[in-house]
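Visitor: Got a structure for you, questions after.
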Amino acid sequence: MLLKRIAPQLIALAALILLVTLVYPDFLDISFRDGRLVGPVIDVLKRGAPVALLAVGMTLVIATRGIDLSVGTVMAICGAVAAWAIASGWGLAPALLLALAAGAAAGLWNGLLVAVVGIQPFVATLILMTMGRGIAQLITEGRILTFNHPGFAFFGSGTVLGLPVPAWLWLLTGVGVALLMRRSALGMLIEATGINRRASALAGVNATVLLIAVYMASGLCAALAGIVVTADIRGADANNAGLWLELDAILAVVIGGNSLLGGRFSILAALLGALIIQTIDTGILLAGFPSEYNLVIKAALVLVILVLQSPRIAAEWRIWRESQRASREALAERSRT
Amino acid sequence: MKIRTLLGSAAILAVTAASALAEGETVGFAQIGSESGWRAAETTLTKQQAEERGIDLRFSDAQQKQENQIAAIRSFIAQGVDAILLAPVVATGWDSVLEEAQEAEIPVVLLDRQVDSSDELYLTAVGSNLVHEGEVAGEWLVNAVGDEECRIVELQGTTGSTPAIDRKTGFENAIEGHDNMEIVRSQTGDFTRAQGKEVMESFLQAENGGKDICALYAHNDDMAVGAIQAIKEAGLAPGEDILVVSIDAVPDIFKAMADGEANATVELTPNMAGPAFDVLEAYWADGTAPEKFIQTESRLFTQDDDPTGEYEARKGLGY
């Protein structure tokens, strides 16, 4: 059941890895050096962390028939908050908590605008998307706020059991949230709200609280992503951190076969979508094409994957196969007589 | 004869009057806004330069909008300033407001960026030659590696942007004819630290864990700073195993140079106002018309140029 749901994504990922291996034969090589795993695949797991983390929150938001355009900006804010706290000597735990609190607050703001004020999610989150980078710039005073703190840098470039910390972060977040959604009724309630908010409210679902909570979850995921990218470069770059990543996150959710119209969702498939995007990115870098081709190649591959996944194409394919079989049988029938 | 003496003494009078007036001249500065650390440093240095020379500077921050800059220039004209400095946010659409300044006989000096208008509409433009910057970086590397084989990786700026194209061209000019040097990989790092680090990781991966790379050329310091972290995490020593040369001379690259992790940087000076004021003072004194483009120096800094001192001197400029 689960395997059938994520089969298209798994096939797409496998085909993509095959393609990348053709242009860069060592893609699947993994070696063990100085207590850490090294190799392109490990890079994909590590570099995919921001989009994968964002995709977890974005899946939930999209399942409620919403969208969160502010996540890239929230990353910048949370990164700036964390860097500011570290640089002013607050210590690791308070800095992390402060960053997560900033993410939750941003989510609360979005959630209130959507669920209570009733602004369309696209517009409501657009407000924070445009305004937030200014907030981040205010915190960093317009410069790249750097710090030297090995404990915080660990979240960007450290390893646990050989695997990079960012990879652990998105794996644990993804699995944790997916289990929470499916082992409790939460996932079903979110889907119900996405399909018909009024009907689910009449059925006794507290849709308002649920919506706010979903946007806060998205904010928290963005905060984690912000912590990862800030720790990675040991500095908060308010202008560039998370820039356009909201679009990659939405793309990951869509490649994961989740409908932008809300309802049924799969976090696992969205995470595979994030991996697909990162495999394309890393593959392009390793292949060594001139950089003018990067975006064209990425767009072409995404297009192919989405077209192959579309239900319409699948239906046409089935009809075509049926008709082939029918004509073959008719032919066999005629030759027999 | 008599007329000529008269004219001569009038000119001398005018000169003395002008040099007395150079103190307390008013200059309007239509700045783009605070788009980057470099821009902030340019603003700081312009204010410093004006203060040192006793010039009364009127500052306008356009917040990256051309209409704000045009409005600022109009208000400077209305105030009757003695000169206008303009860092144009875009290249086009300046004709009419520059004509207004010309009619009011106020000289305009362009800082850092150029405009598409006829060069008769402004006094001069002060800026850096981006191709030359790339050449200076390339020449440093040519001298540093000598005759040894050198496989270079390049981190480009934003694809299609003028600095990326010109800095690439300049560097290629410099290493041309040196058959021991070759750019083996070249990718865009979008001028950011994060991208610089990510792309460098893939370069290291693709070039035998970085053992086959002799040098890194980054189109700006920020990408180099990101790449240096990637090199360290791959277990190599940046600055020794892989030479690092970049452009801009922002404070953080001096920190890296002080630690021996970067080798050289080419300065894109934020002091565009200094040469501009020099030109204006000469112009006010006796109407000397300068050349239409004044190229700022692209100075090379290496580990021998007191990187710690340079870092201290720069970190307060708002980079």
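Cβ coordinates come from backbone N, Cα and C, glycine included.
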Visitor: Taking A:10-30, A:241-261 as the choices, which stretch does TrEMBL tie to transmembrane segment?
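Guide: Going through A:10-30, A:241-261 one by one, TrEMBL gives transmembrane segment for A:241-261.
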Visitor: Pick from A:49-67, A:315-333: which range has transmembrane segment per TrEMBL?
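Guide: Transmembrane segment, as annotated by TrEMBL, spans A:49-67.
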Visitor: Kindly say whether the transmembrane segment (A:108-132) and the transmembrane segment (A:268-289) touch, using the definition of 3 or more Cβ pairs under 8 Å where each pair is 6 or more positions apart.
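Guide: Answer no, regions not in contact.
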Visitor: Should anything in the same chain at least six residues away from the transmembrane segment (A:74-102) have a Cβ under 8 Å from its Cβ atoms, list it; otherwise answer none.
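Guide: For the transmembrane segment (A:74-102), the list is 50, 54, 128, 132-133, 135-137, 139-140, 145-147, 149, 151-152, 219-220, 222-227, 229-231, 235-239, 241-243, 245.
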Visitor: For the transmembrane segment (A:144-163), what are the same-chain contacts with Cβ under 8 Å, counting residues 6+ beyond its ends?
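Guide: Result: 32, 35-37, 42, 45, 80, 82-84, 86-87, 92, 95, 169, 227-238.
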Visitor: In terms of Cβ proximity under 8 Å, which residues at least six beyond the ends of the transmembrane segment (A:49-67) contact it?
Guide: 75, 114, 121-122, 125, 164, 166-167, 169-170, 173-174, 177, 181, 190-191, 193-195, 197, 210-211, 214-215, 217-222, 224-225, 228-229, 242, 245-246, 248-250, 252-253, 256, 258-267, 270-271, 273-275, 277-278
